[in-house]
Structure formats: C-alpha cells, structure tokens
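A.B. asks: This structure is in structure tokens; I'll ask about it shortly.
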Amino acid sequence: MPPKLFDVHTHIQFAAFNGETDAVIRRALDAGIWLISVGTDKTTSAQAIEATQKYPEGVYATVGLHPNENEKFEYEYYKGLAQDQKVVAIGECGLDYYRILNLESRILQKQVFDNQILLAHEIKKPLMIHCRNAFGDLIKILDSKFQISNSSPGIIHFFSGTKDDAKQLLDLGFSFSFGGVITFARDYDEIIRYIPLDRIILETDAPYVAPIPYRGKRNEPAYIVETAKKLAELKNVSFEEISATTTLNAKRIFAIN
C-alpha cells in the first residue's frame, strides 16, 4: 500500500528505542507512514540497515558519519554497507560548528564531509546533510561539488539557515526537511513559506524534538502527522496536499518506487 506520509529522518535504532524498535516501526507502518532510519557512525549505520530487514517495503536506511562523532571515516566500510538495497542515502554527514571553535576540528569536519560526498557520487546516492552554524562553509563545499541543476543531490535535514542560504541551496538542487520543532517554534515560519513545497519533506528526528502535543516525550515516526498538519497551516494548503506532495518528494529524492 502506498504511504500516506514519509518520515525521511529518524533514528529508530538508537538506544532510546531498545527493545521497542519493531513496535515503533509497526505503529508507523500501520498508520501508513514510511521511514528512513539514519546512521550517524559505524555502529548505528549497521543497526539502521538491520532494522530494515524484516520489512519488504516502507523502512529504509542511510549510512554515514555525523560531524560530531569522533570516529575516523572508513570509506570502504561505508561503501560496503551502502551496497545493501535498503540504503537510500549517505549520511548523516555535514558540518556542525555549534561547539567547535578551533580551526583544526573544523578542517577535519570538512575533510570527512568531502569524503562522504565522494562516496555519494561514486555510488550515485543522495546526501542526508546535517548543518549547524556552518552554512557558509557548507554552501562553498556543495557549490564546488554540484552543478546548478534540477537534480536531487540530497536534503538539508532540520534546516536552520537563512533565506539566502535556502536560495543558494535551492539553486544547487537540494531539498529541505522540517520536523516537530515547527509546531512550537515560530522561527521557521518565514523560511517554510519561502521554500517551494516541491522542495520540502517531513522528518521526526526521533527520538528527539517531539511535536506538540507530545513535546517532552520520546518522539517516534507515528507523530509526524502533527508536523504535517502544521506544515499545511503554514503553507495554507490542505493536509491531503501536504501528505501527497511531501511523500512524492521523498520518494523522488531517494529513488524509492
């Protein structure tokens, strides 16, 4: 059965779901919600793939190294993981300068990100990008790697940049995912109204940042309905249009039939 909604960024393999991962997945699938479980290092990338294996459709994975992780990026290891048919993207990768002040650490983050872009190019998969307080450097890197086009090189997850950042990333072909924070913080209203709906997709980032009315609880993919409702309000369109368009966007970007 085709999905009603698509959670493109969740972490159902994280410790917060220990012993409950399958129940969480089943609640999502029973509600017509498909999902992508996102890896952040070697262990969670392998676990993300493992979590997909019981399900013939509707549950997918990414593999990658988050910029806040201290592991060495092992290119061949991640390339091997990415051969699994359920892997739809490379990431969660990118840049995060929020607590990083020294230049050496920032240079290392950029090198690791470069390697993951190279891997994505080699295996022809989109990127699942994390960026915090680093949009200037992120855009410089992406501008040097991607031609301006109408292709789908990936998404900027939990986008927190400016309107100008969004414009430059739109020109490079990227899309943007938004999660439960839009239900209680008004900081994102203007940028959501600016970005075309055909470039917006939905996420939970579970177990983090649950939407109202679940704020303060452990988030999960089934709660994405509340984010979709808020997005419909901000875009002044029906819930049905949000559901159909964001799901179509996700399936297109991640080449899921």
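In case you wondered, yes, glycine gets a Cβ from its N, Cα and C as well.
For reference, TrEMBL lists these features for the protein:
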type	residues	note
BINDING	H9, H11, E92, D205	divalent metal cation 1 binding site
BINDING	H130, H157	divalent metal cation 2 binding site
A.B. asks: Cβ within 8 Å of the divalent metal cation 1 site centroid (H9, H11, E92, D205 excluded): which residues?
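C.D. replies: Near the divalent metal cation 1 site, the remaining chain residues are T10, V38, T40, M128, H157, F158, E203, T204, A206, Y208.
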A.B. asks: Roughly how many angstrom lie between the C-alpha atoms of H130 (divalent metal cation 2 binding site) and E92 (divalent metal cation 1 binding site)?
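C.D. replies: Cα of H130 (divalent metal cation 2 binding site) to Cα of E92 (divalent metal cation 1 binding site) measures 6 Å after rounding.
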A.B. asks: Roughly how many Å lie between the Cα atoms of H11 (divalent metal cation 1 binding site) and H157 (divalent metal cation 2 binding site), rounded to a whole value?
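C.D. replies: About 13 Å separates the two Cα atoms.
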A.B. asks: Please give me the CB contact count at 10 A for H157 (divalent metal cation 2 binding site), counting all chains in the structure.
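C.D. replies: The answer is 25.
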A.B. asks: If one looks at the chain holding D205 (divalent metal cation 1 binding site), which residues at least 6 apart in sequence have a CB under 8 angstroms from its CB?
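C.D. replies: Same-chain residues close to D205 (divalent metal cation 1 binding site) (Cβ under 8 Å, separated by 6 or more) are H9, T10, H11, H157, F158, G179, G180, N219.
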